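For reference, the structure is listed below as structure tokens.
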Amino acid sequence: MTFDELDARAATLDAAHAATDLRERFLLPPGTVYLDGNSLGALPRSVPAAVRDAVEQQWGHDLVASWNTHGWWDAPVRVGDAIGRLVGAAPGQVVVGDSTSVRLHQSLHAAAALRPGRSVVLTEPGSFPTDQYVIAGVADQVGWRVEHATPAELAARLTPDVAVVVLSHVDYRTGELLDLPGITAAAHDAGALVLWDLCHSAGAVPVGLDEHHVDLAVGCGYKYLNGGPGAPAYGYVAARHQDAFVNVVPGWHGHAQPFAMADDYVGAPGISRARIGTPPMLSLLALEAALQAFDGVEIGDVRARSLSLTRFLRDAIADVVPGSAFASPEADERRGSQVALRHPDAYGIVQALAARGVVGDFRTPDVVRLGVAAPYLTHTDLVTAVRALHEVLERGEHRDPAWTTRNAVT
Ligand SMILES: *Cc1c(COP(=O)(O)O)cnc(C)c1O
């Protein structure tokens, strides 16, 4: 296909998907095609005024009364419910605060308490490093053995000693989307719990936590949920597990009567039991405002748009850069919301693209990650990106010696 033909095809697809074009709800710099919303989501238009109000009115004027008058105290559960809508969790099962690493640590300890006498945590090789480190850390603390299995090997490895299966719903590097319903059911048949990491799926892919009887889940607020740098993470505890949920960090915000200032810990009922300490309120309120970008939108419609975009991007790259090696799956039902390419000069490609206003990212050792946040991208944006990729490769810009030293954040 020529670029003129790609432009025409993109215009047709953009018209067909006009109803889910939410670009107006975001503030993006002109001239940039932002393909890194799976690392740091773009800024929703609703956020700056909300943050200004939180700082100037709530903190600056109303001061400590804001814990009551501006709903600060209830915010972790209120914002949790808003995220719950996007991941298929009925209210009262998601709590916001702390980082994904902390939420994962907490959820794994809770899983150990829910499955006493079982000695294995089963996970996949090559998952996001913090997940691997935290799993190993908790395994040491509770006396579990860590076992690794690829998704294809999982079923055969679900022996009666497995306490919990921990997986990323969408792989951060390849964008592979796992069969959450099937794996969850198989784990349950073996008596194990399932803990899903939703960092690369929440806000992009339907998850269906309640529908598929997931036990526990965690995820971060700053990727497809657009909560901003350092946005707090969230944890999901299915209602049926909440009474037996043991909070490894039994901080005072999770106490049944926090202002009784009692000497002994008594966990609150419901999801509040998973609260820890004072949340980062400004970030939490920014995240709450950011979630307004999804108001009136069903995640299934976001997914339909995302699939059209990633399919178009993949086909266009295959067309324009023959011989491209894709790390992301070809089948729609196996692909999350990104297109990942393998190339020996992946780092240089990402830098040269960024110099042309096309922002993706690099993941070691050889992956160019092009994240497709459907709400604020169009097919036409993707032609711009593919055109840039074509020119970078044609002119050898990816081999510029300037790219031989890597930034701290890639
Ligand atoms: C982004 C990401 C994290 C981030 O963890 P933090 O503790 O919030 O920094 C964790 N796990 C996965 C799979 C991720 O993609």
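Glycine is no exception: its Cβ is also placed from the backbone N, Cα and C atoms.
Just so you know, TrEMBL annotations never went through curation; they're auto-generated.
Annotation source TrEMBL lists pyridoxal 5'-phosphate binding site at THR100, SER101, PHE128, PRO129, THR130, ASP131, ASP197, HIS200, TYR222, TRP252, THR278. Residues or ranges marked as N6-(pyridoxal phosphate)lysine by TrEMBL: LYS223.
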Item to check | Annotated binding-site residues THR100, PHE128, THR130, ASP197, TYR222, THR278, filtered by Cβ under 6 Å to ligand 1 | outcome: THR100, PHE128, THR130, ASP197
Checklist entry - Which has the fewest other Cβ atoms within 10 Å: THR130, THR278, the binding-site residues listed? => result THR278
Next on the checklist: Taking only same-chain residues 6+ apart in sequence, whose CB is under 8 Å from that of THR100 (pyridoxal 5'-phosphate binding site), what do you get?
Outcome noted: THR130, ASP197, CYS199, VAL218, GLY219, CYS220, ALA233
Next on the checklist: Give me the CA-CA distance between PHE128 (pyridoxal 5'-phosphate binding site) and LYS223 (N6-(pyridoxal phosphate)lysine), in Å, as a whole number.
Outcome noted: 14
Next on the checklist: Return only the integer: C-alpha distance in Å from THR278 (pyridoxal 5'-phosphate binding site) to LYS223 (N6-(pyridoxal phosphate)lysine).
Outcome noted: 23
Checklist entry - Considering the binding-site residues PHE128, TYR222, which residue's Cβ sits among the greatest number of other Cβ atoms within 10 Å? => result TYR222
Checklist entry - By the DSSP assignment reduced to helix, strand and coil, which category contains ASP197 (pyridoxal 5'-phosphate binding site)? => result strand
Item to check | Number of other Cβ atoms within 10 Å of the Cβ of the residue listed as 'N6-(pyridoxal phosphate)lysine' across all protein chains | outcome: 27
Next on the checklist: Under a three-state reading of DSSP, tell me whether THR278 (pyridoxal 5'-phosphate binding site) is helix, strand or coil.
Outcome noted: coil
